[in-house]
Amino acid sequence: MSDDGPLAEQPAVADRARTDGDDQTADSPSTTEAVPADERDALLSLAHGAVVTGGGVSVKRGLSIWIEAILTRGLGPELYGVYAFGWRLTTMALRFANLGADMTLLRDLPAFADEPERQRRSLGLAYLSTLVTSLLIAALLFLAAEPINAATIDQPAFPEAIRLFGVLLVLLAMVRMHATALKAAKSANGEVLLNRILRPAVRLVAAAAAVGLGYSVVGVVGALVVTVGALAVVAYPVTIGTIGVRPTVRGLRSEARHFFDHAVPSALSGVGRLIRTRVDVILIGVLLTATAAGIYNVVLVLVGLAAIPLIAFNQLMPPVASDLYARGRVATLNDVYTTVTRLIVTATVPLIAILAVFGQDLLAIFGPQYTRGYEILLVFLVGRFVGNAVGATGILLSMTNNHYPKMWLEWLLAVLNLTLTTLFVLQFGLIGAALGTSVAIGVQNFLQVLLLRRFEGLWPFDATFLTPLGAGIAMAGAMVGVRSLLDGWIAVGVGTLIGLVTFGGVIALLGSNPRDRLVVGELASHYRRTASAAIAAVR
């Protein structure tokens, strides 16, 4: 069910690593003996997925920055704010446009590996749920376009734009379901190509073409409908062929109860999570201006860079966690959770340090008026660090069948976020939206860690996490020193280089964890062999 990339080759790599000492790094032999085989295989599977996904997500974030730069400069602050508000509303609705089918499919497709007919029915239910739910939401947006505009940014172009965004929502939901199916089948290469590269690429083509032809915001959204629609249609047969499971609508009633018993709580959790994490966007539209919505959106684009490590390492966590939990390997799951979370923190700290020190220069890419968002960026970076530092808490709650506690927690924190963000926006303006959301994110992640410990005994933290934190402090200090001596993009380039060298030096001085070295060593060995084979084939 996986593709032909690194994941498909991973078991062979793991077997060779256990028997061929020539391929090991200096640290690997002793580490290999200390790490059980199932933990080792899980770590390497997640690590290979992280490499593929991290590259794809980095491309996606880079393309997203390019898209937003084109639109901010092509549309101007006010019309860009109209686009940004509509886009954020669409991506918010996308969170529950599949009625929770995404998390259920991630659980069921690997769990039913020995029952192909149940796999087909689960996939059929996932696609059917997505289509029906997204069409209903699109119809609601179409009918409520004028009232939404009157209650929020009150711009003449917004009603027509939001109706087109409704059509776009249906198409994006189908593309997302293709990607979820690939992810559930452990096809990291396929999911990354579709969701992390092709989807932003067609957005870039649409944005560049629309702005180049002189279209306004409605034309930009119309161009997105055309390009994303083409991707949704073309990707379907490729997805089905890759995963080897063809969806069916036969016998759905026999599967529906099992499917929706997990999907509906997941969907309700998604609604709660949506209110908890993105109520700020709605409040900005209601209480502030279209220009403020545009500045806020640009900040969110940059903050997304710091989410790359979490997304990358969590790419294959659902099927891996589901498999380990189903086999009763909870202790192994905890060891995997600890190692992966530490690797996420190690990769996150340098990104946050760079964004914090050089944030104003990076915001200026979109135009001088967007540097007003620097303080908002700093607030969001705190929340982003907390979210990354706890790792895959939400995924693990779902994969260990604790979806009902997760749902209630999401709704509790949704109410908290709505209350805090409303008060903070009224009191502090734009930065208040970021403050309320960041506080809610911090509380939510703290409580999810406690729930995992209470229900499953999972706890990722130990003293080894202090090493990347200390290295990050040293890195930030070095970059601040460079910033005080140099200006502009020279400071960004030189400071980033010196900061990364400092970070790596402190890690080497303090010493890294043996499991981290195992993962890095195995990845280096695998990709070195892959590169050598490719060079030999060319010769």
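From the backbone N, Cα and C atoms, a Cβ is placed for every residue, glycine too.
Taken from TrEMBL, the feature region 'Disordered' covers 1-37.
Taken from TrEMBL, the feature transmembrane segment applies to 125-145 (among others).
What TrEMBL records for 161-179 (among others) is transmembrane segment.
According to TrEMBL, the feature transmembrane segment maps to 200-218 (among others). Below 8 angstroms of C-beta separation, residues 59-60, 63-64, 66-67, 70-71, 74-75, 79-80, 82-83, 86, 157, 160-161, 164, 224, 226-228, 230-231 of the same chain, each at least six residues beyond the ends of the transmembrane segment (200-218), sit close to that stretch.
For 224-245 (among others), the entry in TrEMBL reads transmembrane segment.
According to TrEMBL, the feature transmembrane segment maps to 281-312 (among others). For the transmembrane segment (281-312), the residues of the chain that approach it from at least six positions outside its boundaries are 49-51, 53-54, 57-58, 61, 64-65, 68, 72, 77-85, 87-89, 92, 151-153, 155, 343-344, 347-348, 351-352, 355, 359, 362-363, 366, 369-370, 372-373, 376-377, 380-381, 384-385, 387-388, 391-392, 421-422, 425-426, 429-430, 433-434, judged by C-beta separation under 8 angstroms.
What TrEMBL lists as transmembrane segment is 343-364 (among others). Within the chain carrying the transmembrane segment (343-364), a Cβ under 8 angstroms from the stretch's Cβ atoms is held by residues 47, 50, 298-299, 302-303, 305-306, 308-310, 312-313, 370-371, 373-374, 377-378, 381, 384-385, 388-389, 391, 465, 467-469, 471-472, 475-476, 479-480, 483, 488-489, 491-492, 495-496, 499-500, 503, 507, 516, 519, all 6 or more beyond its ends.
Residues annotated as transmembrane segment in TrEMBL: 376-399 (among others). Tertiary neighbourhood of the transmembrane segment (376-399): same-chain residues 103, 106-107, 266, 269, 273, 295-296, 299-300, 302-303, 306-307, 309-310, 313-314, 317-318, 321-322, 325, 333, 337, 340-341, 344-345, 348-349, 352, 355-356, 359, 363, 405-406, 430-431, 433-435, 437-439, 441-442, 445-446, 448-449, 451-452, 456, 458, 460, 465, selected by CB-CB distance under 8 Å and a gap of 6+ residues from either end.
Positions annotated as transmembrane segment by TrEMBL: 411-443 (among others).
Summarising the annotation, TrEMBL assigns transmembrane segment to 463-482 (among others). Cβ atoms under 8 Å from those of the transmembrane segment (463-482) belong to residues 342, 345-346, 349-350, 352-354, 356-358, 389, 491, 494-496, 498-500, 502-504, 506-507, 510-513 of the same chain, restricted to positions at least 6 beyond its ends.
Feature annotation from TrEMBL assigns transmembrane segment to 488-510 (among others).
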Quickly jot the same-chain residues contacting the transmembrane segment (125-145) by Cβ under 8 Å, restricted to those at least six beyond its ends, or write none. 89, 93, 96-102, 104-105, 158-160, 162-163, 165-167, 169-170, 173-174, 176-177, 180-181, 247, 249, 252, 255-256, 259-260, 263
